[in-house]
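Reviewing the structure listed below.
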Amino acid sequence: MDTSRTLGMTSAISLAKPKASDLEHTKELSEYLKEYGMFEKDAELNHRFEVLGKLNTLVRNWIRDVSINVKNMPPQIADTVGGKICTFGSYRLGVAGKGADIDALCVAPRHIERTDYFSSFYELLKEQSEVTEMRSVEEAYVPVIKMKYEGIEIDLLFARLALKEVPDSVDLKDDAILKNLDEKCVRSLNGCRVTDEILRQVPNRESFRLALRAIKLWAKRHGVYSNVLGYLGGVSWAMLVARTCQLYPNATASTLVEKFFLVFSKWTWPAPVYLKQPYDAKLGFKVWDPRVNVQDRFHLMPIITPAYPQQNSTFNTSQSTRAVMVEEFKHYLVVLAVARTPEDHLEWYGLVESKIRHLISSLEHNTAIKTVHINPATFSCRVEEYLGKPHSSWFLGVDFNKSENVNIDLTNDINIFVEVVYKQSTYNKAYKDGMEVNCKYVKRKQLTNYLSVEDLEKFKPKTENLPRHIGQKRKSDPDPILLDSPGRDSPEPTKKAKIDSDLPQANLNGDDSNTSIDEAYSNSSLPDNSSLPDNSSLPGLAPEINANQVRLQFSFPCG
């Protein structure tokens, strides 16, 4: 497992070897991912292999036929021109899950043109009984034929090389292979070149693959796995995980998942993510370089592909979609309206809901807060103190401004909201014994406690089945100490919150670091101080707490 070589733009943050507990947690993580269909069974893998073999034979026969019948090539020469299918994406990376599609590339010699591919080869595919739901997208940025072959979804690209023959041993990683090619062929080839280069840039492929499966599941569960819609696609997530592997080359997969959230909740976009030193092979193709290309300066989350010509894999990302992804690392307030009877709750619910806008307005005027986003849906929770009581809860996502060594106190904002609610209930003579409005600060991984069993079934998080210790923070890495608001049985506020200035601070790097996180990211201009939100939708896979973690504390009147 020990990996001595250092990959990437900087030295590693930690070369610590895994402990026995890390290996056990990784085993548990693997079992958890299998339960969620992130692995294929042997029969499915064999089926994919067979399908790719059939496609490869089809391609070679088609190239031979076109060479003879269209290009007037002697049969004995046509037998030697070759051609092949290459895979890329999740299948090539070795992380394809159950039912995943296959990204593949048809590589042809120089006398086979793209028009041949989208005409005669397309027609040949239509004749195959195994092929269904086929369509061509010839005018796309990267032209592609989409289809199902024996039920497996396949995106098949095309590239012709400037070679008389394409043997099985052709080396696509060699930059010279791009000479005299048009841009569409270069883009098509880049899928394979980037995928293979990612694998070359990780110190331990098995750890990388397992960690990537976990991150893919997390991203899909959170609705941020889509390059087309402006989120991150598979190659982008793969590069982020690969960069994490470079920084922690000896870490197990469970630790890598933890460190992934540590690293990229701290990252200051638009600082680019590189897996290797960029270079220009001087073949005339444009590479991502904000010093030269003005448009590159406006990219929001640049994650740069490691193969020439280097490109930003997240050029579709917008301000809004970036904000949604960054929100995955934010904090939450839960507002709870509790009553003694269902009838009381119905009235109390409406009153509290009508005043939440005052809370949002107050929070937005707090200089420590950047934005507040409320989920308009309401939920019932499983917290013991509310079981058996009619109640509703609202989730407010809170995005804090980054400040150096600042303790944030939301007590006044919360007290104003509580006071508005109770004053209104008194004025309306709506208040009844047992009516409470409480506000609690929670991290994202704790939100499942505020969802009912029915809601958990609906969203299918299955948090109970998650290994409890995977990526769990060490005892030396405490969570912020918070005083939640106790229930109130009186509309008269009495006390205000206090700030605890002696809260323990956690070490970001741990005792085994040989490079600080800021030194590791010096090439990307990361800040020296940043709040590190704690998050993972895979509960228990939480990052360590930054030494400058934003700390909240609010107390509420008790009677």
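Cβ atoms are placed via backbone N, Cα and C, with glycine included.
Look at TrEMBL and you will find 8-202 tagged as domain 'Poly(A) polymerase nucleotidyltransferase'. Mean per-residue pLDDT, taken over the domain 'Poly(A) polymerase nucleotidyltransferase' (8-202), amounts to 95.
If you look up TrEMBL, you'll see Phe88, Gly89, Ser90, Asp101, Ile102, Asp103, Asp155, Lys216, Tyr225, Gly234, Val235 marked as ATP binding site. Residue environment of Tyr225 (ATP binding site) contains 19 other Cβ atoms, counted within 10 Å of its Cβ in all protein chains.
For Asp101, Asp103, the entry in TrEMBL reads Mg(2+) 1 binding site. Under the DSSP three-state reduction, Asp101 (Mg(2+) 1 binding site) is assigned to coil, being neither helix nor strand. Every protein chain considered, the tally of other Cβ atoms within 10 Å of the Cβ of Asp101 (Mg(2+) 1 binding site) stands at 15.
Residues or ranges marked as Mg(2+) 2 binding site in TrEMBL: Asp101, Asp103, Asp155.
TrEMBL lists 207-340 with the feature domain 'Poly(A) polymerase central'.
The domain 'Poly(A) polymerase RNA-binding' feature in TrEMBL is assigned to 392-457. Across the range of the domain 'Poly(A) polymerase RNA-binding' (392-457), the DSSP-based residue counts are 29 helix, 19 strand, 18 coil.
Annotated region 'Disordered' per TrEMBL: 463-541, in sequence order.
Summarising the annotation, TrEMBL assigns compositional bias 'Basic and acidic residues' to 486-501.
The compositional bias 'Polar residues' annotation in TrEMBL covers 504-517.
Residues or ranges marked as compositional bias 'Low complexity' by TrEMBL: 522-539.
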Cβ neighbour count (within 10 Å, all chains shown) around Asp103 (Mg(2+) 1 binding site): 24
Asp103 (Mg(2+) 1 binding site) and Val235 (ATP binding site), distance between Cα atoms, whole Å: 12
Other residues, Cβ within 8 Å of Asp101, Asp103, Asp155 Cβ centroid (Mg(2+) 2 site): Gly89, Tyr91, Ile102, Ala104, Lys146, Glu153, Ile154, Leu156
Candidate with the highest Cβ count within 10 Å, taken from the binding-site residues Phe88, Ser90, Ile102, Asp155: Phe88
Nearest-integer angstrom distance between the alpha carbons (Cα) of Phe88 (ATP binding site) and Asp103 (Mg(2+) 1 binding site): 6
Pairwise Cα distance for Asp103 (Mg(2+) 1 binding site)/Asp155 (ATP binding site) [Å, integer]: 5
